[in-house]
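Peer 1: This is the structure I have questions about; it appears just below.
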Amino acid sequence: MNTTLTPESANSSGGGGGAEEGGPIHAVVGMLSFFSIIGTTGNALVLYVYTRKRNKLAATVFIISLATTDLTTSIVVMPYTIVIEYLNYYVKYDIFCKMYMFFITSNVPFAAFIMVGIAFDRYFCIVHPFKHLMNAQRAKIITASMAILAFSLGIITALNYSVYEDCAWNNNVTCIVKYTGICKTSEILLPHTFTLYYQRLYTALFFLALVVVMVLYALIYRSVLIRRAKRRRQRQSLCSYSKESWFQEYRFSMVSSLRKNSEEKSERSEKSNSAIDTELLRQLAIRERGLVANIKTALMLFVVTAVFILVFLPAWLMAHQIIGYNRVIFYMYFAYNVANPIIYAFMNKAFRRQLKIVFKCE
């Protein structure tokens, strides 16, 4: 059984089945056409807004990479899928068959890998904010490495598909390769044993990505709860009933650190105490705003990850033949490439502000 995320793996009959098998083809064409238009417009706006940012953080790099993947999917993969489905996988030329399988099976793991990168970035920013383990340059290197891995998976899948049937021996002397024109699995280039192990690896990578993302967001949530609990205990011990921020524990530690640094600088430069306090409060306010922004960004990107899991789950279950194949529901996973700009628009005030500027200029 082919467990890569392709319609043939979900439909055991493979390519070349009935035009209406698995669901009406016209519904798929209409749905993917709508997704393509909305996804192209939305992701183009995301790229326009985020690429214009001067100080790009690691999260910005990941968002730009994700938007680029979504835009490519909307412009190339969705129309390609419409044609392939409408032709019932009769693509005639082998190169077109392999190109389609490369596109459709490389963008999905790449998006999953970016989800992992985003989760690590949010974990370091919130749980270990002073270590500065993730920056824009490292995010670019990580993204490039993930792209190479995803493209490698796409190439292997492409080599496993062909418009030619497997080699058949004539009287155990002559190998005859039959041309069908239908894009489906083939053992001409890759043996069955290799393909079997590759499919297990492909599936394991998705499981691993899912587990890592869930663990990292759980640790982030645990860190936030611990800070709230410390603040609550501190308030009770001080018998304070004021409505202070839940960052009180964080504030106290920051004040001690910044005051120490400021006092050392004061001894050298003979600054006044008022200047020290002003600088201390300014740095404290900047760092607290940064922590709040990191948590809000983590919440937004967690929603992006949750949507990714929800829309891909039905297609993944169909690919493993756990549930019955339905063409329309299977291709609903393309909704993920359309949803991200909508999530940004609802959960990011800065993004909405930039969009207003764009439309006013137009």
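Each residue, glycine too, has its Cβ placed from N, Cα and C.
So TrEMBL has the following annotated:
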type	residues	note
TRANSMEM	25-50	transmembrane segment
DOMAIN	42-344	domain 'G-protein coupled receptors family 1 profile'
TRANSMEM	57-80	transmembrane segment
TRANSMEM	100-120	transmembrane segment
TRANSMEM	141-164	transmembrane segment
TRANSMEM	201-225	transmembrane segment
TRANSMEM	297-317	transmembrane segment
TRANSMEM	329-347	transmembrane segment
Peer 1: The transmembrane segment (141-164): which same-chain residues, six or more beyond its ends, come within Cβ distance under 8 Å?
Peer 2: 2, 4, 6, 61-62, 65, 91-94, 97-99, 101-103, 105-107, 109-110, 113-114, 116-117, 177-186, 188-190, 195, 198, 202, 205
Peer 1: Near the transmembrane segment (25-50), which same-chain residues lie under 8 Å Cβ to Cβ, leaving out any that are not at least 6 residues past its ends?
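Peer 2: For the transmembrane segment (25-50), the list is 19, 56, 60, 63-64, 67-68, 70-71, 73-75, 78-79, 81-82, 85-86, 327-328, 331-332, 334-335, 337-338, 340-342, 344, 351, 354-355, 358.
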Peer 1: Count, for each of 57-80, 201-225, 297-317, the Cβ pairs lying under 8 Å from the transmembrane segment (329-347), and report the range with the highest count.
Peer 2: 297-317
Peer 1: Can you name the far-off residues of the same chain, 6+ from the ends of the transmembrane segment (57-80), with a Cβ under 8 Å from a Cβ of it?
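Peer 2: Tertiary neighbours of the transmembrane segment (57-80) are 32-33, 35-36, 38-40, 43-44, 46-47, 50-51, 99-100, 103-104, 107, 110-111, 114, 117-118, 121-122, 125, 134-136, 138-140, 143, 147, 297, 301, 304, 334, 336-338, 340-341, 344.
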